[in-house]
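Sharing a structure, written as structure tokens. Questions coming.
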């Protein structure tokens, strides 16, 4: 058989043992023309890794539409090639996955799981593990120990009242104990795939799981110490077995972790972590694994302890996660799950073992959900949230697979009961709970209350609540200019909800930090948020009687940021969300940086936000000064482009508020199509615009212009004429299929800006003005319905003629403003 001979030895107990004889100098072949490569360890293992990875990807792609996690696909990939299905074929059994290749594949899988658990330890937030919060502790302790006691009691009852074979009776307590496991890797992996890590239920589930991991790791260590004590004979040896794990943990906490932190502080500020750091950490991992095995603990104990000692996040933790993600997370770790499937033989399962273990697993799942429902009154959760949280805490994954593999190797679980445990307790549970969690979350979204949160429909003199999202310091000056132009007064104050968005790297669970004036320590990777918040506080201090600031920092994955933004906007009752554009301009007018991830965030927020949304295209740097409006002391020139539709009505309402600021010059530019008239839409638009004109009839900084054009070409020419006239141009995103826009959207690069917004933001135009593209509130992607509510409020009845005009639908002015007013300009496109 090439370089390996297989000898079968059958003992008196009928257990088949395979003795492999390898030629250590003959590891790889010299090509398929000379010898079959699959007869040699190196090419065979490479082939197996490729087949396993490809099969898992194919199964995962097929199960994704059904909402199933990757874990199910990876275990099923092994079951397919195992004795349960294709393993009975000689081609698969002898050529693809022969006995002689088991050792190399198991070794690769072992390295995959130990480095994956090391990475999980690096991502864990040690502070959250030991200080998870009262609610998380109550949930974790109650669910873990109650489910342990309940399932163990049921196992004892079954053993007492049901006749079981000795192997099944031995396996029942192990399966019962496994049902109490609440592993942080399990919960975090599932919620990350489902993009639910940043939900309230997800944050609580991960915090509870982190705390339970401390308890579980302690109990596992005690179990291994007990096993080691059975092998020791002298008192000194027994004391060594008891104290050695504790000494290793203390040495790691008080020596290794401080040494790593001190080394990182000596690194030049801003310089990335070098390769030497990475190599040293990998060597340290191997030493810890060897130490754990030497003192009688499982090798995974060493990798987890060292992983939790590595400072999470940048610079070292993030660098390690990036380097380990693909070779370990995407190749070797799935091999461990697949090899567990390879060991699963469903044909060894007897009916009694199946129904007994199935009853135990089902009972364990229901107990966790029931406990969450019972303690609802102590946790403040709703009934539906409790059910969702109970399902999340039932997540299965690497912790359960490692658990069953350890007991299989120690012969506490037979091959039959290992197969039942993997199929029922891991695969089947995940297949059931994953779609249930999705269904319940969709039901929660459908129940979410819908109310108008727009500038146009806000009550007179109500507080304007603006949620501003910031990624970097560069966009702060223009953002502050916009906030100041929004005209905060004591009668109509502004609440700025500042959300600093930072990509999550090197951490497992996202963080939403609420800042206050007595801000304590924050993660190192969030240090930039303090600079941004301090800059926004200067705006708050300048207008402290009418401006309040509520700062937050969100450290999460880019794909989860839209959900966080929408949820914070809902919780804080925001009127409008201001998002930064995904392109940054250089001082010479060229595009500097482009972030497609930010573009995706903006697109999703436009679809999901519970209020109006504005995208700010920041060109402040092109003005040659990044000073804010209060520091400039000059007039801030703002244009509102009005074509028609709810989004333009919202931008008009925002412009009307800005017009009340003494240092803001507002110009309303309305575009009409020559020869086209929709009486109903024209009536609505006239009413909205006239309300603004009436309010500003005595405002010297207010200008109203009408441009009559024949087609999109005339519109684009008129828009180009706005160059260098304004500091900010406000425009609606959507214009309800206006015939003026025909042909303009054919070359649109950024659909999230709409046709006009994309045209104004184009580098071909050469504008230096910043652009604010406004979308009025949508509900599940649809408008709530357009009304004739004016965009300004007739306070104290100082304009009775305005109410008459609006209520009667009259489209001609009835106050001192008239067609020959010096601030009213009409331009007609006379080209053919």
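Any Cβ shown, glycine's included, is placed from N, Cα and C.
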In TrEMBL, one of 71-89, 318-336 is tagged transmembrane segment. Which stretch would that be?
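So the range that TrEMBL calls transmembrane segment is 71-89.
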Examine the ranges 170-192, 446-468 and name the one recorded by TrEMBL as transmembrane segment.
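In TrEMBL, residues 170-192 carry the label transmembrane segment.
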If I go by TrEMBL, the feature transmembrane segment sits on one of 2-23, 354-375. Which?
354-375
Please give the sequence-distant neighbours of the transmembrane segment (136-158): residues at least 6 beyond its ends with Cβ less than 8 Å from one of its Cβ atoms.
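Same-chain contacts beyond the ends: 164, 172-173, 175-177, 179-180, 182, 204, 207-212, 215-216, 356, 359-360, 363-364, 367-368, 371-372, 375, 378-379, 389-390, 393.
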With Cβ-Cβ distances below 8 Å as the criterion, list the same-chain residues six or more beyond the ends of the transmembrane segment (239-256) that contact it, or say none.
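Counting only partners 6 or more residues beyond its ends, the transmembrane segment (239-256) has Cβ contacts under 8 Å with 221, 224-225, 228-229, 232, 284, 291-292, 295-297, 301-302, 305-306, 309.
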Below 8 angstroms Cβ to Cβ, which residues of this chain, lying six or more residues outside the transmembrane segment (387-407), approach it?
71, 75, 113, 116-117, 139, 143, 174, 178, 181-183, 185-187, 189-191, 196, 201-202, 204-205, 208-209, 216, 298, 300, 333, 336-337, 340, 365, 368-373, 381, 413, 418, 421-422, 425-426, 429-430, 433, 436-437, 440-441, 444
Apart from its near flanks, which chain residues at least 6 from the ends of the transmembrane segment (170-192) lie with a Cβ under 8 angstroms of it?
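Contacts with the transmembrane segment (170-192): 69, 71, 117, 120, 123-124, 140, 143-145, 147-148, 151-152, 154-155, 158-159, 164, 202, 205-206, 208-210, 212-213, 216, 356-357, 360-361, 363-365, 367, 392-393, 395-400, 403-404, 407, 412-414, 417, 421, 425, 430, 434, 508-509, 557.
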Quickly jot the same-chain residues contacting the transmembrane segment (354-375) by Cβ under 8 Å, restricted to those at least six beyond its ends, or write none.
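Apart from its flanks, the transmembrane segment (354-375) reaches 138-139, 142-143, 146-147, 150-151, 154-155, 158, 162, 164, 168, 171-172, 175-176, 179-180, 381, 383, 386-387, 389-391, 393-394, 417, 420-421, 424-425, 428-429, 433.
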